[in-house]
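> Feature table excerpt (Swiss-Prot):
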- 107-114, 189-193, 247-250: GTP binding site (BINDING)
- 1-294: region 'G-domain' (REGION)
- 295-493: region 'M-domain' (REGION)
Amino acid sequence: MVLADVGGSISRALAMSSAAVVDESVLRECLNEIARALMQSDVRFKTVCDLQANIRKTVNLEALAAGTNKRRIIETSVGKELCKMLDTGKPAFVPKKGKPNVVMFVGLQGSGKTTTCTKYAHYHQRKGFKPSLVCADTFRAGAFDQLKQNATKAKIPFYGSYMESDPVKIAVEGLEKFRQEKSDLIIIDTSGRHMQEAALFEEMRQVAEATKPDLVIFVMDGSIGQAAFDQAQAFKQSASVGAVIVTKLDGHAKGGGALSAVAATKSPVIFIGTGEHIDDFDVFNVEPFVARLLGRGDLPGLIDKMESIVPADQQSELVAKLSEGAFTLRLLYEQFQNLLKMGPMSQIFSMLPGFSSELMPKGQEKQSKEKFKRYMTIMDSMTPAELDSTNPKLMTESRIIRVARGSGRKVKDVMEMLEEYKRLAKMWSKRNVSKLIPQNGKMSAQAIQKMLKVMPPQVVQQMGGKSGLEALLKQLGGGKDTSKMLAGMRGGA
């Protein structure tokens, strides 16, 4: 995420406050650096000035008693003001299971509205809802085809028409159909336009009047920066918008400006889109978001993300297999799948305290994903016996040649994958796994040392070596959360 650049700049600015003597000049330089970072993210000038003024009111260096941790006070004040800048203070509507929740999506053409409808449905489907999609966009050619393709891929029921041109009629018919089918989350995708025009707002009003949605969500392109204020305000006044989803925050420098501008309209942001994949869709909670920007991480969010991908029963099964020393190629394959589902690794790094998404150099993340997919392609050409075996010697030269031919890869690629497997299998052998999985909330020094050996050097350096890893495990709250993390992230070392 480009927003990570903003977070990196703010973190570096706060590092100035660790100077031997924190005086007025240090504070001024720190605040100026933060202001520059926010301005580069297209946050409004007045908003930045207000933030600086509020921090200065809180951090009165001359009035602080001797021995006071000035750096901590500055960090806390910056965090609070960033939260205030992004927080509307208004809770958004939350769908409830067991009753039909009707949600209507509105937005300008090109904002990613139709894709976001599917992401929203998919997110709630994983939470146990029974979602459905209605395409009431009759303005854009290909809108129904796009929704149909997305919904089919995500296995979500959908409704639309190639013949009917009245969006109100389609919306009502789709609503009735899915109510009869006991869908508890009916999502209506409406038409977009290239600009805010009267025809668009009138159509939205008619669809809303006919369907009486529980929530109207405005989907907004995050790349427009502070111009988001006018857009969000116009839609809020014309369509009774109850929540906002900001998209395209993975590749634009103006995301911070867009988020702060929307917050200024008092419209709560509930999700942010961070990529094109269906899982590149994150719940937006202000405090964890700011904590990630400041390098404090978001461990509850990370664990929740892992649990949504690896259910609790599968985690227990995984730990049981590892405890028996059964680290197979099939298990490695499943963990590669889990890692790919978790979204960008840079995003995962930002959720760990003391880390930053800047840790993942540009281009390296793509290479890592390509490597995972390459290994999975190779394993697709293996037999069940080969995938489930714990004996590395089973893969003889003739088998390796056969797998290479079947997967369309070179023999050296197969050898590389097998070496990676052997390294991980050795680490998660029955002898080692009991030492690595925390017991009674603690990990031994030997276990921590083993973890350090298998972690990439740049990661170890970023977290501050052994002491940094120990601090991270302490913040995880003991064995329970640490076990969840280990269960969710195995296979990606």
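Just so it is clear, glycine is given a Cβ too, placed from its N, Cα and C backbone atoms.
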> Fewest other CB within 10 angstroms, which one of the binding-site residues GLY107, GLY110?
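If we count Cβ atoms within 10 Å for the binding-site residues GLY107, GLY110, the smallest count is at GLY110.
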> Which of LYS113, ARG193 has the fewest nearby Cβ atoms, counting only those within 10 Å, among these binding-site residues?
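Among the binding-site residues LYS113, ARG193, the lowest count of other Cβ atoms within 10 Å belongs to ARG193.
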> Give the three-state DSSP assignment (helix, strand or coil) for GLY110 (GTP binding site).
coil
> Need one number: mean pLDDT over the region 'M-domain' (295-493).
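Summarising the region 'M-domain' (295-493) by its mean pLDDT gives 72.
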